[in-house]
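What TrEMBL says about this protein:
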BINDING   Arg22, Glu84, Arg123, Lys458  (6S)-5-formyl-5,6,7,8-tetrahydrofolate binding site
DOMAIN    220-379  domain 'TrmE-type G'
BINDING   230-235, 249-255, 274-277  GTP binding site
BINDING   Ser234, Thr255  Mg(2+) binding site
Amino acid sequence: METDTITAISTPIGEGAIAIVRLSGPEAISITEQLFKGKSLSEADSHTIHYGKILDPQTQEVAEEVMVTLMRGPKTFTREDVVEINCHGGMVAVNRVLEIILSKGARLAEPGEFTKRAFLHGRIDLSQAEAVMDLIRAKTDKAMSVALKQMDGRLSGLIQTLRQDLLETVAHVEVNIDYPEYDDVEEMSNEVMRDKTKEVHREIDNLLQVAKQGKILREGLATAIIGRPNVGKSSLMNALVQENKAIVTEIPGTTRDIIEEYVNVRGVPLRLVDTAGIRETEDIVEKIGVERSRKVLKESDLILFVLNHNEELSEEDEKLFEAIQGLEYIVIINKTDLEQNLDLNRVKELAEGNPIVTTSLLVEAGIDKLEQAIADTFFSGEIDTGDLTYVSNIRHIQLLKQAKEALEDAMQGLEMEMPLDIVQIDVTRTWEFLGEIIGDTASDSLIDQLFSQFCLGK
Ligand code: GDP
Ligand code: ZN
């Protein structure tokens with residue numbers, strides 16, 4: 001199957017002064033050797049670095065000064081011989097080197113093909129391969145660390161355990177079918193099935209719970225800024241955008257009036273929605289009532305509710321408190337540079353334990369505290385503890401849901417005291433769905449589709 005030698009530029013195009021051309025395959029070393037003026041590579045030890053020059057095979061002119069890293073399989077990412085050519089001369093030079101390598105019989109790698117080889121050679125499993133892809137795409141520190149954890153094989157490990165559990169229950173049933181004369185075996189099988197399916201079901205549920213948080217990391221927390229007119233909503237949005245590097249400023253396909261900004265607040269990606277552009281959120285409650293505005297607000301992962309320190313609490317403020325009850329919100333008391341007319345005790349009462357932060361956006365005070373509160377809200381709890389397994393991949397989430405459904409079918413079958421060999425079909429389906437997450441039962445076309453999404457050179 002994969003016996004040719006592939007090559008690609010494996011550093012981001014147009015970024016940095018140093019670029020790396022990577023080769024992988026049986027000819028990686030011999031192809032490089034033909035072009036390389038320096039130490040003999042075929043005689044060099046594995047995992048060594050060599051300074052030298054790449055010569056143009058036609059003119060014998062020096063094309064580029066390079067550092068060549070030599071790694072012999074199988075102790076490499078792809079498990080094949082790998083050579084990395086470190087070029088200093090920028091993109092023009094690196095493209096020339098790539099061309100020369102191609103002229104010597106290496107093939108340009110398809111997107112993700114290096115990682116695909118690592119997968120096919122058993123170096124990494126599918127969920128790890130996908131994590132590599134996520135890593136490449138990770139826009140924020142947090143998303144990055146989630147991807148890293150997954151690459152660690154945490155998710156794979158857990159999935160494997162669950163599959164093993166299911167396999168054991170199936171084995172029990174097989175015993176039962178083979179020896180139907182033993183009544184106690186049947187009873188035992190039934191009990192084992194009941195216990196194990198419940199246990200696995202709970203684990204899958206847990207994974208799906210954290211999956212929601214993984215998704216948030218990727219897409220950003222949908223964050224709504226609400227409050228009466230003039231309290232400082234737009235000022236707050238501007239402050240957050242100025243303080244924190246905006247990740248993306250323009251999202252194609254968004255309505256002209258909706259202003260969305262992506263900011264990274266201490267590792268928490270926020271998708272800020274300034275409601276002012278469409279309709280002042282303060283009007284929502286009046287226009288459509290508490291129940292329906294609640295529904296609208298519920299679509300937010302986080303609500304920043306701004307109050308005016310300078311004014312008394314109004315009926316509108318109280319209604320907004322009512323509308324966000326039970327949702328994730330932070331109260332921001334703004335304009336602390338002005339005289340206090342707001343009843344703080346009443347605000348505390350209404351906030352029901354949600355964080356309250358005071359700011360003066362005019363003089364840029366309190367923004368730090370607000371950022372800390374935002375980070376705390378989402379990372380103090382489950383998300384930041386190092387030992388949770390995160391599911392952050394849409395495909396994984398779908399497979400987990402399918403596995404859960406199949407398992408529920410099995411559980412229902414047990415409840416209805418259906419024959420175990422029937423129940424077993426659903427257990428096997430569960431096992432297969434879980435297997436697809438780590439690539440055990442994934443079909444070739446699925447694998448091809450997945451790897452084609454990778455960046456070139458990875
Ligand atoms: P929005 O209607 O809620 O979006 O409020 P804006 O952000 O447009 O602010 C309304 C007015 O309040 C503007 O004139 C701001 O300059 C002013 N403002 C915002 N924050 C503060 C603050 O902390 N102190 C004072 N004194 N004025 C502020
Ligand atoms: Zn505004």
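Each residue, glycine too, has its Cβ placed from N, Cα and C.
Distribution of TrEMBL features across the structure.
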residue: Arg22; record: (6S)-5-formyl-5,6,7,8-tetrahydrofolate binding site; Cβ neighbours (10 Å): 24
residue: Glu84; record: (6S)-5-formyl-5,6,7,8-tetrahydrofolate binding site; Cβ neighbours (10 Å): 20
residue: Arg123; record: (6S)-5-formyl-5,6,7,8-tetrahydrofolate binding site; Cβ neighbours (10 Å): 18
residue: Asn230; record: GTP binding site; Cβ neighbours (10 Å): 14
residue: Lys233; record: GTP binding site; Cβ neighbours (10 Å): 26
residue: Ser234; record: Mg(2+) binding site; Cβ neighbours (10 Å): 16
Where Lys233 (GTP binding site) and Glu84 ((6S)-5-formyl-5,6,7,8-tetrahydrofolate binding site) are concerned, what is their Cα separation in Å, rounded? 51
Among Arg22, Glu84, Arg123, please name the binding-site residues whose Cβ is nearer than 6 Å to ligand 2. none
So what's the mean pLDDT when you look at the domain 'TrmE-type G' (220-379)? 79
Which of the binding-site residues Arg22, Glu84, Arg123, Asn230, Lys233 have a Cβ less than 6 Å from any atom of ligand 1? Asn230, Lys233
Through the lens of DSSP with three states only, how would you label Asn230 (GTP binding site)? coil
Hey, how far is Arg22 ((6S)-5-formyl-5,6,7,8-tetrahydrofolate binding site) from Ser234 (Mg(2+) binding site), Cα to Cα, in Å? 48
